[in-house]
């Protein structure tokens, strides 16, 4: 049996995701699919619009056979950490044959070249990078110019401008780094750019869909999301469990910052940035506004978002040193084929499978990373307008289709 | 000149307050009045409905000449600490002749007797108390029975049942304790009990007025509040600065509790109570609901409220040992007569007067208590729906009439 692995957020699941899934199955000729999915907080550095169980339902309805949670520590980190955590997890299942990811570029040649250079940093690349850095430009720009010089391809700038290419490069880097035997495939993304906020074209971006939901609700999205997505969102919103946005955590974040909770233990925080963030918290109680105040050429919004989410979730940078990838396989849901795969994984993977959360202490020698997932859920549910309870991971049933 | 001191919250200022103020002036024959007023958080263990500057406006409009802030450390503590902080502050001005407070009892005889026994704890009282405690009843009940036995007055139970009598006793205790030369007066409270939630009678309680505001807005309160109160509230609400309630801090408090921030450094927290509070935070994200879950015969709602507010404001019980009363006179507002008094206070009081907050570090050798007031304002303004900034104490003008 051919097994396909994909890395997803499904925030929420839309027709572009469906296209990617179906095309990936055709291309790789795999007949089993595993998704590693972000949990209640996502790579953009914000809470998911609905919780991980609801998004698991979407995934299974769409034809995924097994959904595994990407630990929140990786899910909310940089593209590099996100990709490494996800690829390492897929690889450690020891049953995945192929991985397929979207990219704006749509073919692996150039992406692989870039990934190899970034991973291996050959001396001629490092030399070029050093030269460019001397001229006082940002690291990202210097890296781009050095790559361009080394690969001698004037498309590099364009490739590095879009987020799915960047993630694709990170996936390829990670596969290479861990010496994975998984075969990579990429599918050219159709429709709007990831970051587009406009609903248009054949496929709308998840960002534009979320924006529409927050501003206008679910009506008018029929062209862009499958019926099951609409139904799942609808029923979540009726239960007052979502749509969840970062703004619901504004008060908590600004409170922590005005209280001068230290930030220097958080990944990617420099002293100058720490002070800038504290200062901004004195000027607003809205976290989106705070980010606008802090954002600059030097400090990207994405970096600030990740810092704020790690502050909220109490994630210390130390954890990235303590762990080399996820140390557990947290199952969120599956169908019959998923069940079959779980039996295989149990035989072949070195990592413990967690289906009953109450057993995590017996199954894990180091519980720190897993406990961050539990805490993330306890914080996520603060945004519920109705019956918010903690410890949901202990009692929420697995999603089965 | 005769100077009257009163201790107030004006949350918000209503006709009962006006009655108390006018009757106190007549009774004491004083022609100058100073109010020591809670700041942005009040004795009930919650944020004030509008901020301290708006309530200072109300006080000055009503005929108070000088408004001084009761440090938040005392304002949000037990009746005993609240009263001690306020009386100590009034006394340390060194110009106050009389103090007048409301009480359900309305005369000083019995109240003074009780205060003296509670302060001096004569041996026959302690013996009786010990006996009653042995029988397994609560401390409050045992104290009541012991007082009843010692004073031989079967009204004691009734006296100790109402909150203004209790505060009155604490004021008397504090005056005695510090050997103050201020002469106490009490005025019988008219109208509804402090705790009544119904708008009725000649005077409505502040609680019932707040309840009406949260549920129905300002209309219908004309009978119970002066026009200036209505106007000040109206303009605050139009600026989206209030009405502020504890619920606006629900997310922050539940976040801190689900994050297991230690509580054992907070005044009045026992180990059993700490665990009970943590557990309750797992069952709800609403702080009023949380209190209902924790409340019991042993743990009163008032105790839980004070603990939660001290958690929110980061107030350590240590501070009550470190300070014997306020170490500064923070002026919020005054009229011409208030200005005159400030000149006198400056001559006579051992405490520094703070009118410009930016000078506090030069004026205070120990800045801890004052910095809690600053922090309280930074947290209070999180509840503003519009332009919430921190550091408001540094830039808000004094209120002058």
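Backbone N, Cα and C define each Cβ position, glycine as well.
Annotation source Swiss-Prot lists ATP binding site at B:7-20, B:102, B:164, B:189.
Every protein chain considered, the tally of other Cβ atoms within 10 Å of the Cβ of residue B:164 (ATP binding site) stands at 19.
Secondary structure from DSSP puts residue B:16 (ATP binding site) in a helix. Sequence-distant contacts (6 or more apart, same chain, Cβ under 8 Å) of residue B:10 (ATP binding site) comprise B:17, B:35, B:37, B:55, B:58, B:59. It is B:19, among the binding-site residues B:13, B:19, whose Cβ has the fewest other Cβ atoms within 10 Å in the structure shown. Neighbours of residue B:7 (ATP binding site), defined as other CB atoms within 10 A of its CB across all chains, total 24.
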